[in-house]
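Peer 1: Provided herewith is a single structure, encoded as structure tokens, for subsequent inquiry.
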Amino acid sequence: MSGLPLISRRRLLTAMALSPLLWQMNTAHAAAIDPNRIVALEWLPVELLLALGIVPYGVADTINYRLWVSEPPLPDSVIDVGLRTEPNLELLTEMKPSFMVWSAGYGPSPEMLARIAPGRGFNFSDGKQPLAMARKSLTEMADLLNLQSAAETHLAQYEDFIRSMKPRFVKRGARPLLLTTLIDPRHMLVFGPNSLFQEILDEYGIPNAWQGETNFWGSTAVSIDRLAAYKDVDVLCFDHDNSKDMDALMATPLWQAMPFVRAGRFQRVPAVWFYGATLSAMHFVRVLDNAIGGKA
């Protein structure tokens, strides 16, 4: 990331949900937690709450949530509590949440947050299988809130949905798929074998075109010219209200010369949160189906 321009680094850091630590805090029990007053300081626990049928009382950085995540949508009633890295502690104190949830290792220290309300961090990944960790985190949150049946129902629906969509991709063959999102007109984020999407690709027999380096979260930033090496691939690029940058890139001779562009195998698709959990994975499958489902 150090090689990116400052504006690119800022844009990428805005998108990333860093959660490398395993430290967790659990100082409240379900009986003491009002489910109508739970604040989520990061977008992973937002998704976990929504999967359990709980609308957060407050969420950090709702504007960027709607750009980068979009699904599941946030109701207008949700209060924006500031940045994910620096939430508004004064506002949080005034809101008197019954509980706060965040991504472990991201944002203010748990000790600082404990002065406002009890809370706990949840993990996005173990660096290898994000969806397996997502299911584990969902179960942990359900245990905390005494919503085990809701978690079981959601996970069963998730498995049924993933399985039901598999026939949509059986005719596709072995052409690899490159998953990307634009950071700026010169750099893209690409997603590798330890990303949220890999388990879905494996289930559907779709090879991941990116087998290069990745970070803990399953992604890496690359210069646009590195994509010229990819020839017989499909390429999907997740939008996030970045049409100006996309238009600038697509007007360049370098981009127009890309083999997958000339072959008509590049598509811009709706935003999917690549550091999410099961709801993001289901949204990804719907986006994937609209783009390449039922096609050879």
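Each Cβ is built from the backbone N, Cα and C atoms, and glycine gets one as well.
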Peer 1: Hey, Swiss-Prot has Fe(III)-coprogen bound by Arg84, Ser103, Tyr106, Phe124, Trp217, Trp273, Phe274, Tyr275. Any idea which of Trp68, Trp210 it lists too?
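Peer 2: Matched candidate out of Trp68, Trp210, per Swiss-Prot for Fe(III)-coprogen with Arg84, Ser103, Tyr106, Phe124, Trp217, Trp273, Phe274, Tyr275: Trp68.
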Peer 1: From the recorded sites Glu90, His187, Arg226, pick the residue whose C-alpha lies nearest to the C-alpha of Ser103 (Fe(III)-coprogen binding site).
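Peer 2: Nearest in space to Ser103 (Fe(III)-coprogen binding site), counting only the recorded sites, is Glu90.
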Peer 1: Going by DSSP, give the three-state secondary structure for Asn88 (site 'Interaction with FhuB').
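Peer 2: DSSP assigns Asn88 (site 'Interaction with FhuB') to coil.
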Peer 1: Spatially, and counting Cα to Cα, which of the recorded sites is closest to Trp68 (Fe(III)-coprogen binding site)? Options: Glu86, Asn88, Glu90, Ser223, Arg226.
Peer 2: Glu86
Peer 1: How many whole Å apart are the CA atoms of Tyr275 (Fe(III)-coprogen binding site) and His187 (site 'Interaction with FhuB')?
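Peer 2: Spelling it out, the Cα of Tyr275 (Fe(III)-coprogen binding site) and the Cα of His187 (site 'Interaction with FhuB') are 19 Å apart.
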